[in-house]
Amino acid sequence: MADKPIMTTSGGAPIADNQNSLSAGPRGPLLLQDYQLLEKLAHQNRERIPERVVHAKGWGAHGTLTITGDISAYTKAKVLQPGAQTPMILRFSTVAGEAGAADAERDVRGFAMKFYTPEGNWDLVGNNTPVFFVRDPLKFPDFIHTQKRHPRTNLRSPTAMWDFWSLSPESLHQVTILMSDRGLPTDVRHINGYGSHTFSLINDANERFWVKFHFKTMQGHKHWTNEEAAQVVGRTRESTQEDLFEAIEQGDFPKWKVQVQIMPELEADKTPYNPFDLTKVWPHADYPPIDIGVMELNRNADNYFAEIEQLATSPSNIVPGIGFSPDKMLQARIFSYADAHRHRIGTHYEALPVNAPKCPVHHYHKDGAMRFTPNNPNPAAYYEPNSFGGPVEDNKFLEPPLRISGDADRWNHREGNDDFSQPRALFELFDPGERQRLFANIAAAMGDIPDFIEERQCKLFDQVHPDYGAGVRAARATVKDRNPSISAPTDQLLSDASA
Ligand code: NDP
Ligand code: HEM
């Protein structure tokens, strides 16, 4: 006993008995003065914070980013200079499921990184896909509602998903990726990560370049078919957590090759597609990926809640030499994440150890929940400007002016936009086996949606490639033959709604 620390209350006082509550006689009742019991129950009641509104189920680990290439001509960011080694943390996730969802589900995987750079935290909050379902953030909440539970049935609704997708042709590219082999990875060591948005790099001469970040798995890609995944979920709901945690515990550290694509600033006016449109990639032939280093995960969290659940990553966290772009989706995300963190974790969430920068921090935010950090060195300097030596701005960090033009309007993002060529390029990459699995996965995911939605969606697939539409129609016919109850226009939800 002597070598074990004495248990204390959270106030630090020793605890004499942690087995028996304080009662009047052996049979009770209990005494209100048993504050240890009250504290224990009260703490338990507060053990959960709201789960993330999206990407609630996640798995993460700490690691290192090592830069081996030289892109100093494009960026002054210290984190991207040759030889830089930066500690980081990565949280992977699925998008739609709740915190207790099974891991082996067909869904996009989140790929959210925080790099603790000497110039502040740089967060790259990406996915395992280079594109997204929508290109205007006004549609993000609507899209997410179709992925979450139906208000009446409390079930996920294929009707809602395919209704929305079939009315949103810009989703075709991402839907094709989601329904392809890569939509159901065996785990997260075998996926790529993409910053997805276009960002900017700024060099010492204060010149701007546009950039896309890619993280290519060095473990290779591995996927499950729907049938294999169903068996996995029957065996364990935590297949990804088990895989990642065990690999790192055993010293089998997963690695990703880090690449960038770089576009000179003025070329953005000349590409045949909008390079700030999140439903598009930059073709490799036009902007070849440049290898710049390796990212490795090499340390499990000691406390999942403290380090992974309370992790707060936000596209708004940039550092000198890395900037934003006009991408409308990115612009909305710059607002949305910190707002979510203040709600989900609390006002001073950035002071928690996992979120705190590993460089000095000097700001003038004042009170609020979780304010445990000390004052500025001089307590009289608690506003700005002040005469008492408080921290000041330094305009050497100003970014070059961003060229913008145009009338303020609600510009129709669908007008003149080619939603078909890039999904076609992807479809043409698939071998016959991959195409058949794509068709089968779509046919299965459509469940019992109404015929008119199915047909509207197939017409979009036709425009990507005639074989795509035909393949899905054939796969749907097979599904319906096997399950005659799927005879489309009788979708229960729709008839409920119109009754
Ligand atoms: P490339 O042939 O140069 O590149 C094809 C890319 O497709 C590779 O990066 C490959 O990733 C990726 N890929 C292969 N299978 C899948 C899949 N099932 N789901 C998602 N990605 C996959 O062609 P382009 O650059 O001209 O692009 C053609 C199409 O490839 C695009 O329309 C896009 O759909 C897709 N793609 C393009 C990317 C880009 O940045 N240009 C990035 C990712 C996808 P890997 O290297 O890991 O094998
Ligand atoms: C999580 C909003 C698009 C990747 C979240 C969260 C919000 C959000 C509110 C929860 C944050 C938290 O509680 O910590 C939005 C909005 C979007 C958008 C408003 C579009 C307008 C995207 C895109 C990507 C993405 C395009 C990827 C390219 C992620 C990831 C997480 C996340 C990976 C989980 C972060 C983590 O692991 O902590 N998003 N999102 N989101 N989002 Fe988005």
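A Cβ is built for glycine as well, from the same backbone N, Cα and C atoms used for every other residue.
Quantities reported herein were computed from a predicted structural model and do not represent experimental measurements.
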Stretch carrying region 'Disordered' according to TrEMBL (options 116-139, 164-187, 476-499): 476-499
Where TrEMBL places region 'Disordered' among the ranges 1-22, 265-286, 353-374, 419-440: 1-22
Largest tally of Cβ atoms lying within 10 Å of a Cβ, found at which of the recorded positions HIS55, ASN127, TYR337: ASN127
Cα separation, HIS55 (active site) to TYR337 (heme binding site) (Å, whole number): 12
Average model confidence [pLDDT] within the domain 'Catalase core' (8-392): 97
HIS55 (active site) versus ASN127 (active site) - Cα distance in angstrom: 10
Per-state residue totals over the region 'Disordered' (1-22) - DSSP helix, strand, coil: 0 helix, 2 strand, 20 coil
